[in-house]
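Right, one structure below, let's go through it.
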Amino acid sequence: MSADNLSQAEDGEDALPLLPLQRRSEARESFGRLRQKQRARRVNIGVNEADIMMEEQGYYDDLEAEYMANFSRKQKRKTMLVLHDAFFLILDFLQFYALIAAISLRWPWPFNWLYSTRFVFLFNLDIWEFMKMNDPDVYNSARDGFIDSTLIGFDYRWYALGWAIFIFVAITLYIILYIAMNYQKRYNLLLLLAQLQRAYIIVCQILAMPIGVMMAKLFHCNTDDNMDVHNATPCAGGEHLAYIIVPLVIYVGLFIILPIWMIMKIRTQIFSNRSERHEGFLQLKETEFAHGLDFIWAIKLYHLFSSFRLVWSYYRPVMFFFKLVLLAAYAALLWLPMWQMVVFLVAICPLFLVIFIRRPFRITSFNVYIMINFLCMLIFSIMGLMQNLFDTNSVFFQIEYLFSELLAIGAFWSAFTIIWFVYVLLRYFGILCRGVPLWPEMTSRDLNKLSDETQKYMKALLKGRIVLEHALSTFPLFSPVHELSRQIQIINAYCREAEYIHDPIHDTLWDLLDELIEAHTRLSAVSLFSESVKSSIRETAHEFMKLMPAFKKRLAQREYDFILMTPLKRRMLLKMFTLGVLANGKMNKSRPVDQTDTVQKLYNPKESLVLQQRRVEGDDGFYEDMYDSPHDMGPSSLRQKQQQQYQERMMRRPILEEMSDDDDEDAEDEMGWMRGPSRAESDLVSSINDRDADDLSDMMAGIPSRPGSMSSNKVRSASSMSRRSVRSQMGSGGKQGQRNKTPPERNIKEESVHDAEDAV
């Protein structure tokens, strides 16, 4: 294992360590993009109960449809498209009614009704009509009547200029953000661009009618051939043409270019012409996106059509064209109110019939509500048309009865909207009908409507994505490449089968197969689970089992030596030691840094300030004989030699008894020398020459642990010379005096015994 891997493993800034960069190649860059794609999947993903369960139980091959169904009933997928679609359905109807109410000011509809519902004009941000209806003295209910623009209280030209500045700033901000994101080259660039585009699409959907109504009023001229919103400006003049050209450009961009762009985006993502395959593909992509397995749903703007069935995939662009037709009639046919209503009916009736026959939404309750909306729109348009017919004599369209009729329609729509919206919220938050998901899912009972082949391929794709995500998010050394290998075989077989039966989902299978092969190629070189290292792994495991008893004792000894150290520091030392071992390589590797100044400052009691402060001379800790083998154990060889010397001296004890009258004291001194000062005598310091000291030395930028023992040998030999110099000054005191000797005096006595042994 290289040092690059180790440095990346300890790098705190990267939670997803990459493989070491060896050389720049197309394969490496491709794999880098794959890892970046995997990183992008892990951002901005809501963690739900299903994700937690899958993290705890693991992503393995035994993940079957039953398990997915179990957590599907618990997680309650909360896609924001449900709330978005509900919001836009309600807003579209209110904006349509505000438009038809603005037209009806000149029919007129009853003043009491218009005055009571004047707040609806605010949904179109139609300040002009709201101010007109807010003051009864300003309102003129006569047919074909116009009011003086000075009575409104504000200059409409400044209002239009404010909208123009807002549109210009919004477009400029989008361009700046787009350039800045491309300049930064972030790993999740596509995701950020998709989020930016989605935000602007939502803003355009909300402000399409307000902007259109504002610009349509600039086309209106009164009986004096002046602008209706500014009576001082004549129509068809230079100033009026300037006011018209800018709205025309905005109309083309907002209601023609934007829908065409949306159609092009949607058309490239239509999976199949068969509705069941289209539904299965949508459920697959939504499930992958919900669990962070793939971001295609967000990057490819699936929110434009994923709420609708295959026939109505272009619902959102169609609604832009629908609004354009209504606004064009409102702007151009001011003097022809009957033809305005005819255009409204021509636009509403075909849509209502198609919606009634081929329901657009994938959620049934939304289909019911949109039919109610179009039914109310149709009734309002018919009432406006009947009021503007020249020969209408029906009593139902007289002013006296219109208020009750309009009130009945408005009350019906309001009551149905409140009930429907409460129902959607209860289903959305899982309070009502817990066992039935509101949004169609792979794990719901709607999956049974798909063909057997589609279900099989979808489950295989989901499993493969889960395994790939788990392999890429794991440290490469422990990446489960054996699971990748199995998934490659499964997906490859399904690719052949899907291609043979001409199933359109085989393109998605091929994409997943390419990603699996690429990930397996790069990870198998370093993973412990690859096929090429199975034999060596077994051999290593067999050898490691032999060391397990000693390893267990060593850990116990380490816990004892570091008993005064916090657990965090102990873990840090262990990690640093492991890195040092892997970086330095084999134990018998030559280490030319044995005699450096750093080693001397760390281990030489004469130079180390720490050891001088603690008054340490050589070994001062607690040791346990954990190894039975007599061979050299590397850094612990000093203790083994000390033990062997002690055993030899015990065998020569009869000779020592003849040379000394204090055999018991000598043996006691001998044991004391072997033990060294106790932990209390050494001021509770940790061992310097024990194995943990050797571990610490390996952590210090590759400094070996052997010089520590060598330095203590030198110190001990120097101390031995000093003891021999004072040996002649020692008297032959009694036993009581020998018992009261300090530890250095015992060492001196012990050295005398050693000299006697040498003489023998």
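The first residue you see is number 1, and the count goes up from there.
Including glycine, each Cβ sits where the backbone N, Cα and C put it.
The transmembrane segment annotation in TrEMBL covers 81-105 (among others). Sequence-remote contacts of a segment are chain residues at least 6 beyond its ends whose Cβ falls under 8 Å from one of its Cβ atoms, and for the transmembrane segment (81-105) they are 114, 117, 120-121, 123-124, 126, 129, 132-133, 139, 141, 202, 205-206, 209-210, 213, 303, 306-307, 319, 326-327, 330, 337, 340, 344, 361, 363, 366, 369-370, 373, 376-377, 380-381, 384, 413, 417, 421, 424, 428, 438-439.
As annotated by TrEMBL, transmembrane segment applies to 158-179 (among others). Listed by sequence, the residues of this chain that lie at least six past the ends of the transmembrane segment (158-179) yet keep a Cβ under 8 A from its Cβ atoms are 127-128, 193, 196, 200, 203, 211, 214-215, 218, 243, 246, 250.
Annotation source TrEMBL lists transmembrane segment at 199-220 (among others).
TrEMBL lists 240-264 (among others) with the feature transmembrane segment. Counting residues 6+ beyond its ends, the transmembrane segment (240-264) has Cβ neighbours under 8 Å at 157, 160, 164, 167, 201, 204, 208, 211-212, 215-216, 218-219, 227, 233-234, 304, 314, 316-318, 320-321, 323-324, 327 in the same chain.
Sequence-distant contacts of the transmembrane segment (314-333) (same chain, six or more residues past either end, CB-CB distance under 8 Å): 92, 96, 99, 102-103, 205, 208-209, 212-213, 215-217, 219-220, 251, 254-256, 258-260, 262-263, 266, 304-305, 307-308, 339-340, 343-344, 347, 351, 360. Annotation source TrEMBL lists transmembrane segment at 314-333 (among others).
Here the transmembrane segment (339-357) has Cβ contacts under 8 Å with residues 100, 103, 318, 322, 325-326, 328-330, 333, 367, 370-371, 374-375, 377-378, 381-382, 384-385, 388 of the same chain, all six or more residues outside its ends. Taken from TrEMBL, the feature transmembrane segment applies to 339-357 (among others).
According to TrEMBL, the transmembrane segment annotation covers 366-386 (among others). Residues 85-86, 89, 92-93, 96-97, 100, 103-104, 107, 307, 337-338, 340-342, 344-345, 348-349, 351-352, 355-356, 359-360, 392, 394, 397, 402, 405-406, 409, 412-413, 416-417, 420 of the same chain, all 6+ positions outside the transmembrane segment (366-386), place their C-beta atoms under 8 angstroms from a C-beta of that stretch.
Here TrEMBL flags 406-426 (among others) as transmembrane segment.
Annotated region 'Disordered' per TrEMBL: 621-760, in sequence order.
The compositional bias 'Low complexity' feature in TrEMBL is assigned to 639-648 (among others).
Feature annotation from TrEMBL assigns compositional bias 'Acidic residues' to 658-671.
Per TrEMBL, compositional bias 'Low complexity' is recorded for 715-730 (among others).
What TrEMBL lists as compositional bias 'Basic and acidic residues' is 742-760.
Distant neighbours of the transmembrane segment (406-426): 82, 86, 90, 93, 109-110, 113, 117, 365, 368-369, 372-373, 376, 379-380, 383, 432, 438; these residues of the same chain sit at least 6 beyond its ends, with a Cβ under 8 Å from one of its Cβ atoms.
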